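*Asks:* The feature signal peptide is assigned by Swiss-Prot to 1-26. Look at Swiss-Prot and you will find 36-219 tagged as region 'N-terminal barrel'. If you look up Swiss-Prot, you'll see Asn62, Asn303, Asn375, Asn389, Asn463 marked as N-linked glycosylation site. As annotated by Swiss-Prot, disulfide bond applies to Cys161-Cys201, with the evidence given as similarity to another entry. The region 'Central sheet, part 2' annotation in Swiss-Prot covers 221-285, and the record cites similarity to another entry as its basis. Taken from Swiss-Prot, the feature region 'Central sheet, part 3' applies to 463-482.
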Amino acid sequence: MARGPDTARRWATLVVLAALSTAVTTTNPGIVARITQKGLDYACQQGVLTLQKELEKITIPNFSGNFKIKYLGKGQYSFFSMVIQGFNLPNSQIRPLPDKGLDLSIRDASIKIRGKWKARKNFIKLGGNFDLSVEGISILAGLNLGYDPASGHSTVTCSSCSSGINTVRIHISGSSLGWLIQLFRKRIESLLQKSMTRKICEVVTSTVSSKLQPYFQTLPVTTKLDKVAGVDYSLVAPPRATANNLDWLLKGEFFSLAHRSPPPFAPPALAFPSDHDRMVYLGISEYFFNTAGFVYQKAGALNLTLRDDMIPKESKFRLTTKFFGILIPQVAKMFPDMQMQLFIWASLPPKLTMKPSGLDLIFVLDTQAFAILPNSSLDPLFLLEMNLNLSVVVGAKSDRLIGELRLDKLLLELKHSDIGPFSVESLQSVINYVMPTIVLPVINKKLQKGFPLPLPAYIELFNLTLQPYQDFLLFGADVHYS
């Protein structure tokens, strides 16, 4: 804490996190998501597992032709029913290419193939099984990361692909005349090389377009939080790779479900630290949190009504005119033995500031005190303004960011009185009790529900870190795909 995942899933890890990327833009993001090389390495491991399964589905065509034996003439051969038994991808790597995207490289891959063969020369028929190994396979693919400005979704395409094969070896079984294969071995090896190099890139390209891109489209760019607000996590620019990272600039902004309008302030530029030891990072600007305050305050959702039955029974403080009459005599005189009610609301949007030393919140609340008359109607007593300085403790739970407010300082001001003049200092001790013991626990209960982090599906986070910086909170984590 600070003061402050099936085929498509695994393959998607090659790029889903890679899509956490940034671009030069005139609009600062509310959130910057970053994947480090450590994260890319893990994503590559997971993605290659799925690519391996897809490559093992390659269908190999039958090969047939003629051969010639000296003094005996021509014969026919056929290689058929060939099935891939295993596709080994031992050395794989994915790296960011500055201003381009991602470079996927696989080296020293190999294939084990089993099939049948037959040969015929007049009345002589030969045949059997064969095992074939393809070794020294290399695959190079470029992945282009972009975005759809209209929807804010990230996009991915295979911009280039090439593959090569060093060696093809055939082992024949089932006939003592298997040496005949040597007559057309080179022809078979050449045909197989051409077929496999083409099909490998077809699989890579089709996997990107048929699995990755649709998967990307399922990632929500907006999240509805409640009846009042949602969060916009859309991209504000195409993904961009740098030498060591991939960044993604997200709008990172709360918005009103009833009437969306831009906040009257802009996000600051975020200066990410260069040292990273986690797979992914989220730089969450104070702008993100302040748009939350702006939306909820404008919607009139930041309010609370306090009655005496909400006060702990063991408390000496009571919301009655009798108790308040001790502090303000005219309350008891004008409204003897009555219940009271406090209506508290935010008169201004709360303002959060982030610094390396921690997170601070300025909250201005108005409190209207009422006497509850025998007919249950309300009679106004006085109106207070409360200026609160609060510390914000931020943490993470699962895929959500949670928070807690702690009171540092509270100043009272009497804005209006319906019962005549009185010293506001007489209420300071009461408000000092009400705020941390009754009001803040209600707010903190809601804050413990948290805000959803902009993460793809099936991702579990661990080794979490949270560190405040100037204008933003840096959230770091390692990733596991379930």
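Here the Cβ of each residue, glycine as well, is placed from N, Cα and C on the backbone.
Neighbours and distances for these, please.
*Replies:* In this structure, Asn62 (N-linked glycosylation site) belongs to neither helix nor strand by DSSP; it is coil. Note: Asn62 (N-linked glycosylation site) has non-local neighbours Ser78, Phe79, Phe80, Ser81, Met82, i.e. same-chain residues 6+ apart with C-beta under 8 A of its own C-beta.
Counting every protein chain shown, the Cβ of Cys201 (disulfide bond) has 18 other Cβ atoms within 10 Å. Annotation note: Cys201 (disulfide bond) sits in a helical segment as assigned by DSSP.
Helix, strand and coil residue tallies for the region 'Central sheet, part 2' (221-285), in that order: 0 helix, 26 strand, 39 coil [DSSP].
The secondary structure of Asn303 (N-linked glycosylation site), as reduced to three states from DSSP, is extended strand. Of all the Cβ atoms in the protein chains shown, 13 others lie within 10 Å of the Cβ of Asn303 (N-linked glycosylation site).
Note: Asn375 (N-linked glycosylation site) has no non-local neighbours, i.e. no same-chain residues 6+ apart with C-beta under 8 A of its own C-beta.
Neighbour list (Asn389 (N-linked glycosylation site), Cβ cut-off 8 Å, at least 6 residues apart, same chain): Asp360, Leu361, Ile362, Leu407, Asp408, Lys409, Leu410.
Secondary structure at Asn463 (N-linked glycosylation site), as computed by DSSP, is strand.
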*Asks:* Other than its own, how many Cβ atoms are within 10 Å of the Cβ belonging to Asn463 (N-linked glycosylation site)?
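*Replies:* There are 12 such Cβ atoms around Asn463 (N-linked glycosylation site).
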*Asks:* In this predicted model, what is the average pLDDT of the region 'Central sheet, part 3' (463-482)?
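*Replies:* Per the prediction, mean pLDDT sits at 94 for the region 'Central sheet, part 3' (463-482).
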*Asks:* To the nearest whole angstrom, what is the C-alpha distance linking Cys161 (disulfide bond) and Asn463 (N-linked glycosylation site)?
*Replies:* 36
*Asks:* Rounded to the nearest Å, what's the C-alpha distance separating Cys201 (disulfide bond) and Asn463 (N-linked glycosylation site)? Just drop the number here, would you?
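*Replies:* That comes out at 37 Å between the alpha carbons.
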*Asks:* What is the separation, in Å, between the Cα atoms of Asn303 (N-linked glycosylation site) and Asn463 (N-linked glycosylation site)?
*Replies:* 36
